[in-house]
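Per Swiss-Prot, the features are:
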ACT_SITE  19  active site, proton acceptor
BINDING   14, 61, 63, 107  tRNA binding site
SITE      9  site 'Discriminates between blocked and unblocked aminoacyl-tRNA'
SITE      86  site 'Stabilizes the basic form of H active site to accept a proton'
């Protein structure tokens with residue numbers, strides 16, 4: 001089994017903020033597959049099982065995401081872990097993939113690294129930098145950014161669908177990496 005985790009913060013206060021990119025992308029995927037999440041108190045997360053994937057949205061707040069991830073990883077004895085998360089160091093419109101490496105200051109990844117190691121796959125969604133890191137990641141996308149954000153989230157969702165069918169991270173990486181911001185028609 002593979003654990004597929006979307007990072008974000010719970011509660012309406014943080015809904016659709018830049019830091020909740022992982023939640024939003026997983027929500028879109030689950031909706032398109034006509035599935036739904038159910039809350040698991042055991043893992044303090046919303047879970048959805050599809051094929052041999054466990055889709056997880058931790059409800060611990062970002063800085064403690066590793067607690068939910070470790071709990072689900074151990075319970076389901078998953079072999080692979082893929083984290084979908086926002087990335088300040090990438091411009092909006094860019095999607096990159098990697099295995100392992102540093103956390104880039106991302107507190108959700110720090111928590112996962114501490115409790116689970118850093119040897120996992122990542123789908124990184126660029127959210128650009130702003131003035132004041134905390135304020136920026138907890139802000140919603142500007143109206144003029146919405147079309148690009150929507151297109152990029154759709155692209156990331158399609159990458160996950162491909163991965164679920166192929167189980168091939170390298171093929172997903174080769175097919176769906178966006179090194180430059182996605183170009184959309186106005």
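In case you wondered, yes, glycine gets a Cβ from its N, Cα and C as well.
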CA pair residue 19 (active site, proton acceptor) / residue 63 (tRNA binding site), Å rounded to integer, equals 11
Among 14, 61, 63, 107, the record's tRNA-binding residues, the widest C-alpha separation in angstrom comes to 16
Apart from the site residues 14, 61, 63, 107, the 8 Å Cβ neighbourhood of the tRNA centroid comprises 9, 19, 60, 62, 64, 65, 108
In the three-state DSSP scheme, residue 86 (site 'Stabilizes the basic form of H active site to accept a proton') belongs to strand
Residue 61 (tRNA binding site) -> DSSP, reduced to three states, gives coil
Residues near residue 14 (tRNA binding site) by Cβ (under 8 Å) yet at least 6 apart in sequence within the same chain, in sequence order, are 8, 20, 138
